[in-house]
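Copied over from TrEMBL, here are the features:
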COMPBIAS  12-22  compositional bias 'Pro residues'
DOMAIN    67-212  domain 'Yip1'
REGION    1-25  region 'Disordered'
TRANSMEM  78-98  transmembrane segment
TRANSMEM  110-127  transmembrane segment
TRANSMEM  133-157  transmembrane segment
TRANSMEM  164-185  transmembrane segment
TRANSMEM  197-215  transmembrane segment
C-alpha cells in the first residue's frame, strides 16, 4: 500500500471579538460586567444634588475668578445659565406693585441675554479664541449673576428720593463685576493683539443689561 499524505493547511482563526473600550474607561474591568461611574441606577434626588453642586461650583469660580476657572468651565453646562437667565427675566418683569407683566415684556430680557451671548461667542471664535462655543455661552450665562444681585438691590430702593442714584450705583457695580469675571477669562483665550476687539462686544452686552435694569426698576 502506498499513498501520499498531504498536509492540510488550516486557516488561522480570527481572535474572538471584543467590543471597543470607551475612551477614559478602565480596560481591565471592561467586559467583566463591572460598570464604573454610571448614573443609570442613581436616585433622582442624588442626581439633582450633584448637578446643583456642579452649578454652585461653576458659579463661585466665575464670580471669584482664579487660575482654575478655565479648567472648571471645560465641563460646561447650560442648566445654570438657563436658570440665571430666567431669574433675571422674572425680576425685570415685576412692576412696582409686585405684579408680573405680560409675557412679551417678560421674555424680552431673556432674548437679549441669549442673543447677546451668542454674538459675543461668535465674535470670540472669529478672533481665534481658544474656547468652545458652549463653553463661552456657559461663561457669559454665569456672569449674569452679579446683574441679578444688582437687580434685586434696585428693586428694593426703587422708591425714594435718591432711588436713581442708588440704582445707578448698583447697576454699574453689577456691570463692573460681570465684566471683571468675563474679561478675566476671555483674556486668557484670545491673543493679546485682539483682546480689545473681544472685550468691546462684552462691554456692549452688559451695558444693554444694565440699561434694562435701570428702565425696568424705575418707579415711574
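Just so you know, glycine gets a Cβ as well, placed from its N, Cα and C.
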Q: May I ask for the residues of the chain that lie six or more residues beyond the transmembrane segment (164-185) and have a Cβ under 8 Å from a Cβ within it?
A: 62-63, 65, 69-70, 73, 139-140, 142-147, 149-151, 153-154, 157-158, 199, 202-203, 206-207, 209-210, 213-214, 217-218
Q.
Looking at the domain 'Yip1' (67-212) alone, can you tell me the average pLDDT?
A. 81
Q.
From the DSSP assignment alone, can you count helix, strand and coil residues within the domain 'Yip1' (67-212)?
A. 113 helix, 2 strand, 31 coil
